């Protein structure tokens with residue numbers, strides 16, 4: 001499909017993205033797409049994607065666990081099994097996006113996950129819930145790394161952290177706003193209706209994506225094939241695998257907060273209503289959203305990456321043990337907020353690391369591999385935390401594991417060598 005640039009100078013950055021974003025437009029078929037609308041639209045898609053992924057955390061303590069008779073271990077398994085399906089198909093899905101184009105493949109992913117997310121409204125028991133969560137992971141595979149790859153087509157390396165932050169701000173926003181919306185839906189109706197109402201928008205926006213989203217700008221240039229690593233080398237190189245572990249540490253903290261913060265808040269404020277708890281849940285993520293954007297801008301301005309990943313991880317990892325031993329609810333929430341700020345601040349700058357040296361098909365496979373291996377923690381975090389709670393009768397052991405994992409991953413980030421040679 002041919003793309004026609006209708007305005008602008010078409011400068012290209014050597015990293016493969018346009019050097020000037022301005023107000024240029026891209027036309028495909030009968031549709032004219034202003035470039036400045038693409039990033040907000042992707043942010044909207046990720047908002048819905050992430051909410052459909054973590055809204056089980058709101059359903060659990062608000063009727064679902066009781067109705068389906070789920071133990072903490074079973075709830076953790078249902079939360080985390082998503083990532084098994086996600087892991088299995090992440091790399092092939094991203095390679096398919098690189099080959100067939102973002103527009104069609106992202107739309108396909110959205111229809112798939114929207115159908116499965118909506119079907120969770122009708123689960124009769126815990127077994128079916130676990131199966132649907134696995135299928136949701138299969139359906140969503142390739143969406144996030146596909147968007148990260150897609151952004152490399154449009155934006156130069158020097159702006160990557162800021163751009164990824166503007167995209168990934170959907171994570172804390174969807175958790176903050178989603179907490180309130182999900183809580184209201186549960187209060188007004190029930191947890192089943194919440195799953196249905198929050199699953200349907202993905203199906204509707206899939207059609208918008210199919211007809212509106214351009215595959216890539218005309219001026220996005222690929223590096224010559226010989227300047228890239230072969231796909232096999234990218235998937236097995238120690239640098240890529242090390243970054244996978246760093247991302248594992250970040251995501252471990254993120255999903256532990258996402259799945260268990262509502263339960264933790266219920267314990268800290270047992271007399272608060274569903275909506276009040278939802279508003280309390282939003283506070284750490286609002287602060288995290290602000291930190292995410294400001295820290296990424298600082299990273300782009302200085303050009304430094306490793307400490308911009310490691311420092312907030314160290315801060316967040318240290319805050320977890322502190323929160324465990326603060327008895328006053330407000331003090332505990334301050335510590336939890338510091339952890340959320342650390343996790344959110346590390347996320348966008350992290351993705352500036354692999355996209356600085358991965359290119360072409362190696363980027364499609366390498367980014368997907370890092371995301372899929374990192375998201376193994378999405379299974380480990382809720383399952384291990386839930387299991388340790390059942391075994392010990394307390395959240396403390398599981399949250400100690402979170403803090404230690406984040407600190408070790410931060411150290412791994414610091415020992416990575418600098419360099420931007422293409423892979």
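The count begins at 1 with the first shown residue.
Note: Cβ is positioned from N, Cα and C throughout, glycine not excepted.
Any TrEMBL annotation is an automated prediction that lacks curation.
The domain 'Major facilitator superfamily (MFS) profile' (38-421) scores a mean pLDDT of 85 in the predicted structure. Residues or ranges marked as domain 'Major facilitator superfamily (MFS) profile' in TrEMBL: 38-421.
The annotation region 'Disordered' is assigned in TrEMBL to 1-27.
Feature annotation from TrEMBL assigns transmembrane segment to 37-56 (among others). If you look at the transmembrane segment (37-56), the same-chain residues 6 or more away from its ends with a CB under 8 A from one of its CBs are 64, 78-79, 82, 106, 110, 113-114, 117, 120, 133, 136, 140, 143-144, 147, 150-151, 154, 163, 166-171, 173-175, 178, 182, 194-195, 198-199, 201-202, 205, 209, 212-214, 255, 258-259.
For 68-89 (among others), the entry in TrEMBL reads transmembrane segment. If one looks beyond the transmembrane segment (68-89) by at least 6 residues along the same chain, the residues whose Cβ comes under 8 Å of a Cβ in the stretch are 53, 56-57, 60, 123, 125-126, 129-130, 133-142, 255, 259, 372-373, 375-387, 389-390.
If you look up TrEMBL, you'll see 105-124 (among others) marked as transmembrane segment. For the transmembrane segment (105-124), the residues of the chain that approach it from at least six positions outside its boundaries are 45, 49, 52, 56, 68, 93, 96-97, 132-133, 135-136, 138-143, 146-147, 150, 192-196, 198-207, 209-210, 213, judged by C-beta separation under 8 angstroms.
Residues annotated as transmembrane segment in TrEMBL: 130-151 (among others).
Note on the transmembrane segment (163-188): residues 39, 42-44, 46-51, 54-55, 58-59, 62-63, 147-148, 151, 154-155, 194, 197-198, 254, 258, 262, 273-275, 277-279, 281-283, 285-286, 288-289, 292-293, 295-297, 340, 344, 347-349, 351-352 of its chain, located 6 or more positions outside it, place their CB under 8 angstroms from a CB of the stretch. The transmembrane segment annotation in TrEMBL covers 163-188 (among others).
Residues or ranges marked as transmembrane segment by TrEMBL: 194-213 (among others). With a cut-off of 8 Å between Cβ atoms, the residues of this chain six or more beyond the transmembrane segment (194-213) that come close are 31, 33, 38, 41, 44-45, 48-49, 51-52, 55, 58-59, 102-104, 106-108, 110-111, 113-121, 178, 181-182, 185-186.
Taken from TrEMBL, the feature transmembrane segment covers 240-265 (among others). The list of residues near the transmembrane segment (240-265) in space but at least 6 beyond its ends in sequence, with Cβ under 8 angstroms from a Cβ of it, reads 54, 56-58, 60-62, 76, 79, 171, 175, 179, 234, 272, 277-278, 280-281, 284, 309, 313, 316-317, 320, 333, 336, 339-340, 342-344, 346-347, 350, 353-354, 358, 366, 369-371, 373-378, 380-382, 385, 395, 398-399, 402, 405-406, 408-410, 412-413, 416.
Look at TrEMBL and you will find 277-295 (among others) tagged as transmembrane segment. Non-local neighbours of the transmembrane segment (277-295) in the same chain are 58, 162, 165-166, 168-169, 171-173, 175-177, 179-180, 182-184, 257, 261-262, 265-266, 269, 308, 312, 333, 336-337, 339-341, 343-345, 347-349; each lies 6+ residues outside the stretch with a CB under 8 Å from one of its CB atoms.
If you look at the transmembrane segment (307-326), the same-chain residues 6 or more away from its ends with a CB under 8 A from one of its CBs are 161, 246, 249-250, 253, 291, 295-296, 298-299, 332, 335-336, 338-346, 349-350, 353, 395-396, 399-400, 402-407, 409-411, 413-414. Taken from TrEMBL, the feature transmembrane segment covers 307-326 (among others).
Summarising the annotation, TrEMBL assigns transmembrane segment to 332-353 (among others).
What TrEMBL records for 365-385 (among others) is transmembrane segment.
Residues or ranges marked as transmembrane segment by TrEMBL: 397-415 (among others). Remote same-chain partners of the transmembrane segment (397-415), defined as residues 6 or more beyond its termini with a Cβ less than 8 Å from a stretch Cβ, comprise 242, 245-250, 252-253, 256, 306-307, 309-311, 313-314, 316-321, 323-324, 342-343, 350, 377, 381, 384-389, 391.
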At a C-beta cut-off of under 8 Å, are there same-chain residues at least 6 beyond the transmembrane segment (130-151) that contact it? List them, or none. 17, 39, 42, 45-46, 49, 52-53, 56, 74, 77-79, 81-90, 92-94, 96-98, 102, 105-106, 109-110, 112-113, 115-117, 119-120, 123, 160, 163-164, 167, 216, 351, 355, 363-364, 367-368, 370-372
